[in-house]
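Going by TrEMBL, these are the annotated features:
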{"type": "TRANSMEM", "residues": "23-46", "note": "transmembrane segment"}
{"type": "DOMAIN", "residues": "39-287", "note": "domain 'G-protein coupled receptors family 1 profile'"}
{"type": "TRANSMEM", "residues": "58-76", "note": "transmembrane segment"}
{"type": "TRANSMEM", "residues": "96-118", "note": "transmembrane segment"}
{"type": "TRANSMEM", "residues": "139-161", "note": "transmembrane segment"}
{"type": "TRANSMEM", "residues": "191-215", "note": "transmembrane segment"}
{"type": "TRANSMEM", "residues": "236-257", "note": "transmembrane segment"}
{"type": "TRANSMEM", "residues": "269-289", "note": "transmembrane segment"}
């Protein structure tokens, strides 16, 4: 049957025992959503309000935390609405928008982490050239490209998906991700190839760049004095923790879709919750605890609140 895309409704079939645990789901998700907004916003406000934090490293951290808020806003409002609804449904165009926005945010995170790695490389390996290389123009270019490149690539993928015919109308997840690919009547070779290219551009290449950069930093720092090694580890460790954490979550995202027929609905739901609930909350915790300047201002703020 030829289905018109503008009237196509998809069912989100990833919830397990929703009728039993509806309100528990809502309370947990809503609580974490508020925590994500508050924790990320607090550190962003601290960075904006203190002049000693107006450095490239902290500007990139603020951008990363803003991206975490956007990441959450793409998923949480619809998720909370679905938990309280009798039927968990979404229109195909809105599903595409959510999925493409989600992967835009994912790509932006990898590119922002790559920019932060480059900033640390210049700071530690070329300290005398740091003010010249990491000037305002460089920072603005990095920030703009980190959001524009994934958005442009996601837009192109959206154009390819707009002409797809659907023969299945039930997603196995609780939000729209690359599982939409499995709804096609005939798998599109163009979409598959473009998806791989997009994955390489916005995830694999930035990840390889980050790893290469940190290897260079660690190699150079261990050739120098103890203070340089200490500074390198102190400033690079939080970024590496965020990278490892985020890479694991994205790996889960890919695996969940690939193994969707081989794992139980409950396990798939738990893995999905790990992906969307905890990652945006871990970033501000890691930076708040591990970055000395941010931690110091955060302690002052908490003392004032008390």
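Even glycines carry a Cβ here, placed using N, Cα and C.
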Range from 139-161, 236-257, 269-289 with the greatest count of C-beta pairs under 8 A to the transmembrane segment (23-46): 269-289
Positions whose Cβ lies under 8 angstroms from the transmembrane segment (96-118), at least six residues beyond its ends: 57, 60-61, 63-64, 67-68, 70-71, 74-75, 78, 90, 142-143, 145-147, 149-151, 153-155, 157-158, 161-162, 175-178, 180, 198, 201-203, 206-207, 209-210, 213-214, 239, 242-243, 246, 250
Top Cβ-contact partner of the transmembrane segment (191-215) among 58-76, 139-161, 236-257, 269-289 (pairs under 8 Å): 139-161
Across the domain 'G-protein coupled receptors family 1 profile' (39-287), average pLDDT on the 0 to 100 scale: 84
Annotated stretches the transmembrane segment (269-289) and the transmembrane segment (139-161) touching (3 or more Cβ pairs under 8 Å): no
Residues of the parent chain within Cβ reach of the transmembrane segment (236-257), under 8 Å, 6 or more residues beyond its termini: 64, 106, 109-110, 113, 116-117, 120, 173, 177-179, 181-182, 203, 207, 210, 214, 217-218, 263, 268, 271-272, 274-275, 278-279, 282-283, 286-287, 290-291
